[in-house]
Amino acid sequence: GALGSLGHHPPSIPWLPVPPVSTTGGCTPHPPIAGPLGSALSTRFGARPVAMAGGFLSGLGLFLGAFATHMTHLYLSVGLLAGLGWALVFTPSLGTVGRYFAARRALATGLVVSGASVSGLALGPLVPLLLETYGWRGALLLLAAISFNLVAAGALLRPMPIAGESPGPPKDRPGLVRLLRHGPFLRYALAFVLVDAGYYVPFVHGEAHAHEVGCDEHRAGLVMAAMAAVDGGGRVAAGWLAGRPATPLLRHLFAWVVLTGLTLLLLPLGTSFGGLLALALAYGFCAGALVPLQFAGVAEVVGTGRLVHAIGLMQMFESFGSLLGAPFAGWLRDVTGNYTISFLVAGAFLLAGSLLILTLPGSCTSQGGGSKEGSPTLAPDGPEPPPVPSD
């Protein structure tokens, strides 16, 4: 998407599509199977080597993409290879954070995923500058150099085996299979299939909607930049609030999903620049807030023993919602002539997902803030990890 931010087509690939840059700070797109693959590999070899390998693959994919002469080359290099690499970094890294910070898991997760918002805001103006100065091939080479730094970042992950685990390779890891028979986890994953079907619609179609209500290019860009800017603040704020012990973490998550859905339902009311900007700020903050709680909530549902497996599987499931939601919203716009129905349906998807979250035991019975693992009905591989002094 970054290559298309200026609408410049690579000279040797004149028909390269030009999707807009995403500055939402959301999860990097990757092949649906990559999440479970990252989980399985990190369970077998550890999070550190898998994240380092993922960093190398992501840089290699961008590097090879700089030499593409056909669209297929970009699909294989930037789409498949780099996407796989990012998944191998994301899944074990997030799982490691979730296992390490037991008492303040939501806040730690919020701080970690807020980095995506910072990088998204930085790449927004940086990529057009690189394209103007070095062309699309040079821009890809420089982005590859940035991605190779993930190797060093992955090397900093601190291994933390669960107490009672054998130091050698595991002989039996039925975690993925058992999760597929775990009712609360399947409901949780389905909830986020629905959430993701609506979540990305404003980020993908927001600029076109701004033009539709009369905003020029500059003002439409401001609306999208504002929505991305408050995203990171929402992530940190929600993580901090979820650390308060009075309310179960899953209830925090339910509230933020509802607020995000309601704000999305109100977006069609933004018929002027000021009104649309205010609604975009509200949506960006609420949408950012639910991200860290989504991943911290996995431990509330399945416990930390299956956390990495569960995150990988959930990524695979929810990718289908995120891939289908934005095109469906675009189709509705083509049929109706405006984005009103598109945003209303997207908001309804989020509200439907929130109702599924309410069916989970931990939404009413666990203590808040991630201070305990909730009441998961799936036994982990071994005992829960002991408290970590540095948390």
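The first residue you see is number 1, and the count goes up from there.
Cβ from N, Cα, C; glycine included.
Copied from TrEMBL, the annotated features are:
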- 1-365: domain 'Major facilitator superfamily (MFS) profile' (DOMAIN)
- 50-68: transmembrane segment (TRANSMEM)
- 74-94: transmembrane segment (TRANSMEM)
- 106-127: transmembrane segment (TRANSMEM)
- 139-157: transmembrane segment (TRANSMEM)
- 185-202: transmembrane segment (TRANSMEM)
- 222-241: transmembrane segment (TRANSMEM)
- 253-270: transmembrane segment (TRANSMEM)
- 276-295: transmembrane segment (TRANSMEM)
- 307-329: transmembrane segment (TRANSMEM)
- 341-360: transmembrane segment (TRANSMEM)
- 367-391: region 'Disordered' (REGION)
- 382-391: compositional bias 'Pro residues' (COMPBIAS)
Among 50-68, 74-94, 139-157, 253-270, 276-295, point out the range having the most Cβ pairs under 8 angstroms from the transmembrane segment (106-127). 276-295
Proximity verdict for the transmembrane segment (139-157) and the transmembrane segment (253-270), three or more C-beta pairs under 8 Å: no
Average the pLDDT scores across the domain 'Major facilitator superfamily (MFS) profile' (1-365) and report the rounded value. 82
